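Per TrEMBL, the features are:
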type     : residues : note
DOMAIN   : 106-263  : domain 'Sodium/calcium exchanger membrane region'
DOMAIN   : 439-589  : domain 'Sodium/calcium exchanger membrane region'
REGION   : 278-306  : region 'Disordered'
SIGNAL   : 1-21     : signal peptide
TRANSMEM : 96-120   : transmembrane segment
TRANSMEM : 141-165  : transmembrane segment
TRANSMEM : 185-212  : transmembrane segment
TRANSMEM : 224-242  : transmembrane segment
TRANSMEM : 248-268  : transmembrane segment
TRANSMEM : 373-391  : transmembrane segment
TRANSMEM : 403-426  : transmembrane segment
TRANSMEM : 432-452  : transmembrane segment
TRANSMEM : 464-483  : transmembrane segment
TRANSMEM : 503-526  : transmembrane segment
TRANSMEM : 542-560  : transmembrane segment
TRANSMEM : 572-591  : transmembrane segment
């Protein structure tokens, strides 16, 4: 577990570290300030950034001045990303077409969530699973470490493997990108805390409503205690208004300790089972055992036509293999599915096609490990090109070496030579011994896709906040939290209906520990590498404290009420959690719109 977790962190470090290079000039020795409320800068007048007015002031001006205000105000410039959404909505669209611009932005926001979901489901998670298999890591600790899995609807076994680490990838990358800009740091806090409240109330309550069950006692208590410690640490960081290098490393260290605890508990329980000393009663989530895994490994979520394969092997041409591998649509499945599935599939087809062209996938559940010789050779060229062209929104890829030869050209030449060598020295029938390297390449490429989509998502959310004059915190706890949690909601509820409610319930509390510890720790740590060793977190809005308090209170409620019910969870528990979330959401929105006014904390 440890090496794969470290790999996941290393991937995020290597990819997201380039996002934090330009945060404005900071005097030497001055801590970087991250504003966690409305995008009001710190260290001066409430409306002054030292360089101009705050960008959300644009809506208070005459519509004829919008474009000039946006272009002349440095606070309206978006960090990273390929599109300038603020200038687009205020300069490209005339004022009377503002509703149309907002509608298009909202649709693009939904499509970005689709991109995140497809990338995590079909590319990031399978490669992460292949890496864990190559490292010979245990699969049974995945539920506590990462949740049920983002879109693990077709196979319960597929959801409880180590690919669950990919479940938190969109959340963590969104948090890292948001922390990379002081003006969007509130999105990160709002999304991490908002998703925590949503998953531990709505999703957990929904599981209890769908299928009453007996919770896994010791894993539940372990996960809730770790999560409460993480929330308490974050509350203290917000109270003191800063996070130091040691505290940021402490977040990551606490997660490493959590991983160690999960592995140790699993080892102790297995040893007790072998010695016949395992305590009676359900204490860990139900899941297939290692002995059952080979029985289910004949098919995977992406292999829909296994029963139609010919009994006798046949030689396929490279062109045939390439066209088949690049087809994201299974026609037999298409005919069996309802119309709404087909509509959603049509929207996903362009994303899946581009991902198939740029991201290799190694599937240890298949006999050939998903080795597609012509396509994998193409990936040797396209995957490095993708990585270099998405770093810093293409700035590194377009850089010209000594002003003559572009970096992307060099990558193209080197990638083409390697692709030709691999094509000549391999065959279509048998994967090479170094095929596992493609899992690392696919992990890197899919992480770059997630990072790029998360950057665009954060920028478009900030633009919507400017248009509607909403704080980053409320955008984080609503749109960003809901979008990143939609996969958890569907997968957990589906697992509960399929007869695995304890597994889904454990995922509600175990998976989000990764998000808060790695999201806050890694996001702030990357800020320190580009500025100072202290990052100031300034919650100038009461909403931040309401959000932190609501998450802590929901955890305390579950920590007390679940053992009080002897871990027998039914519909009453689920209804209480859902009502709690609705009450929290009402209080948060009333606070945002100044209906509830309290003295500043």
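Yeah, the Cβs are placed from backbone N, Cα and C, and that goes for glycine too.
Here the listed stretches are 185-212, 248-268, 432-452, and the one with the most C-beta pairs under 8 angstroms to the transmembrane segment (464-483) is 185-212. In terms of C-beta pairs under 8 Å, the stretch of 224-242, 373-391, 403-426, 432-452, 503-526 lying closest in packing to the transmembrane segment (542-560) is 224-242. In this chain, the transmembrane segment (432-452) touches the transmembrane segment (373-391); three or more CB pairs sit within less than 8 A of each other, excluding pairs fewer than 6 residues apart. Between the transmembrane segment (572-591) and the transmembrane segment (185-212), the number of CB pairs under 8 angstroms, six or more residues apart, is three or more, so the stretches are in contact. Note: the stretches the transmembrane segment (248-268) and the transmembrane segment (503-526) are in contact (3+ CB pairs below 8 A, sequence gap of 6 or more). For the transmembrane segment (503-526), the neighbouring stretch richest in Cβ pairs under 8 Å, chosen from 185-212, 224-242, 403-426, is 185-212. The transmembrane segment (432-452) makes no contact with the transmembrane segment (224-242): fewer than 3 of their CB pairs lie within 8 A, with pairs spaced 6 or more apart in sequence.
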